[in-house]
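Note sheet for the following structure.
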Amino acid sequence: MNAATTYSPPYHRRHHQHHHFQLPPPQSQPSIVSIPTQKSILDLLNSKPATSSLQSLAQIHALALKTGHFHDHFVSGTLLKCYANPRFHNLDSAIQLFRNVPSPNVFVHNVLIKACLDNGEPLQAVWLYYELMMNDAKPNKFTYPTLLKACGDGGIVAEGKQVHCHVVKLGFAGDGHVKSAGIRMYGYFGMAADARKMLDDEDDDDAVCWNAMIDGYFRCGDVGNARNLFDEMPDRDEISWSVVIDGYIKSGFYKEALEVFNTMQSERIRPGKFVLTSVLAACAHLGALDHGRWVHAYVRRKKKSIVMDAVLGTALLDMYAKCGRLDMAWEVFESMKEKEVFSWNAMIKGLAMHGRADDAVELFFEMQRRKFRPNGITFIGVLNACAHSGAVEQALKLFDSMENVYNIEPEVEHYGCLVDCLGRSGRLEEAEELVNSMPIEPNPAVYGSLLGACRIHGNAELGERIGRLLLELEPNNSGRYALLSNIYAKAERWDDVAEVRKLMKERGVKTNPGSSMIELGGCVHEFKMGEGCHPKMKEIYSTLKVMIERLEMEGYVPNTSQVLFNIEEEEKETALQYHSEKLAIAFGFISTKPGETIRVVKNLRVCDDCHSAIKLISRVYGREIVLRDRVRYHHFRDGTCSCKDFW
């Protein structure tokens, strides 16, 4: 018996007693029932019910079997594509359907290869290509772009090279889509030279291939060649700009990303949604509020051509939250017509970094009332909120509910959040006990949270034990050495401080210098301690000196406990005076009007002395100062900080 007539779809077999496919009523002559044509079957497969409901798809499948159209490869291939829709999580049924297609041609094979890739099964896609070759169904130019991407995603270098050989042998090497996919694959492998050879094999000005090569350079960490190739491009399209901006961001070159965006604007190239999303990510990292506001205004002006979907809206609210404008982040969130779980997660995370634990927890429950189910990332956000405000009991309840209520198995990040929460609140014994009883291996971040808590609460004994362990786990992480040195310095154990510094030197570990950024007039200014390259440095130092003198008149005494050198007290005070956040604030004073808010972003945790000094500055000078450090936001106003000295 023919397989096509005996096979019925798995979903249909389970549910056929409940669902009946009903043909539309005939337009005329009610006594005559018209037989569906191939076109009508395809129209049904391309309709909304087929792409949104397995029940409807099963009914159309049954009709295709009944009418014999399943033998048509275009029909069976389209049916296969519908079953493999990632939203159905039904790839196994799609593969079972494929096994029942009579003599599947290359179109049907291509559909399933792409379906495997779309469903996160790149190795399965490569295996199907092997079957295609064994069945003598010759591949075509549409086979290889997907297949090369599957090799790249799967990280299978040997197979990728073999597929490339097939491409050359079958004469598809000159096809732009195949070529760009091959270049991208070698970029995924970190083989920039092989990718460039593919680009240079023929004189090709195809922007798609050049874009793929630029992306490949960025993936290989070759930022210089990526930019050079972009500058050499004979014909750049919007995607070219997007690739460079996104590549800079992923490589950590945020200022350069904004510079490219500014150049794009000067050349009157209209940015699309994807470029704007990347630019907002750069703004968020740099605290470039003016740039972010420009993007928001642009989206409003172009609302007919740029739709504020969940992705763009979430990027916008995330930017506002990370630039210190939680009020604007909330306004964007409330106005979003489309929200996804990641949108709620971003808003919860924004509230957390501003120390608004109660609001974050309330939003956590509100998202469930709106029928959005929390995921693991949601819990990271809400647990962090509890850690930043000392809400230990709330954190413990939420952590326990993960498995008991939401059926989410806690991962190492969730344990890290809870360790951080317990440690910050001074419950170091419980934090250490939690680390020792974890059902999964603690990672360095978990130990780092415990070490940070030891520094806060001056527990040198536990700090030394955890610190020494971390130096073995992460011998090249300069932050671990700095934290352990801080603990020793606070305990005035200068010999141990010297030993840690000697160990860093022996291992060739370079410290990550503190830097602070402030955006004024659309330009991001960066300051580092000991660097005097800013054109207004002389004026900045002079202003800072006057500020410190006035603070001392108000009772300010520098907190030298965290200076990592056994030097005279006066030298320690001088070292503290020129911390990067103080330099940025001084620049803000000479560059803004009295009473204007000053916004600063720092790459490291703000030290105790700077925190105390900035509180006093906000009161003495009547200025609101918003500082984002590596951990959270600090809103200084009238001599107090929003963190309530809990950070």
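Placement of Cβ uses the backbone N, Cα and C atoms for every residue, glycine included.
TrEMBL entries are annotated by machine, without manual review.
TrEMBL lists 11-21 with the feature compositional bias 'Basic residues'. Residues or ranges marked as domain 'DYW' by TrEMBL: 555-647. Sequence annotations record features per position, and here TrEMBL assigns region 'Disordered' to 1-30. What TrEMBL records for 105-139, 206-236, 237-271, 309-339, 340-374, 477-511 is repeat 'PPR'.
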Intrachain neighbours beyond the repeat 'PPR' (340-374), with Cβ under 8 angstroms and 6 or more residues off its ends: 310, 313-314, 317-318, 320-322, 326, 329-330, 333, 381-382, 384-386, 388-389, 391, 394, 398, 406, 408, 628, 632-633, 635, 642-644, 646
Residue distribution over DSSP helix, strand and coil in the repeat 'PPR' (340-374): 26 helix, 0 strand, 9 coil
Secondary structure tally of the repeat 'PPR' (477-511) (DSSP, helix then strand then coil): 27 helix, 0 strand, 8 coil
Surrounding residues of the repeat 'PPR' (237-271) on its own chain - C-beta under 8 Å, 6+ positions past either end: 207-208, 210-211, 214-215, 217-218, 221, 223, 226-227, 230, 278-279, 281-283, 285-286, 288, 291, 298, 302, 524, 526
Helix, strand and coil counts within the repeat 'PPR' (309-339) (DSSP): 23 helix, 0 strand, 8 coil
Residue distribution over DSSP helix, strand and coil in the repeat 'PPR' (206-236): 23 helix, 0 strand, 8 coil
Helix, strand and coil residues within the repeat 'PPR' (237-271) as assigned by DSSP: 26 helix, 0 strand, 9 coil
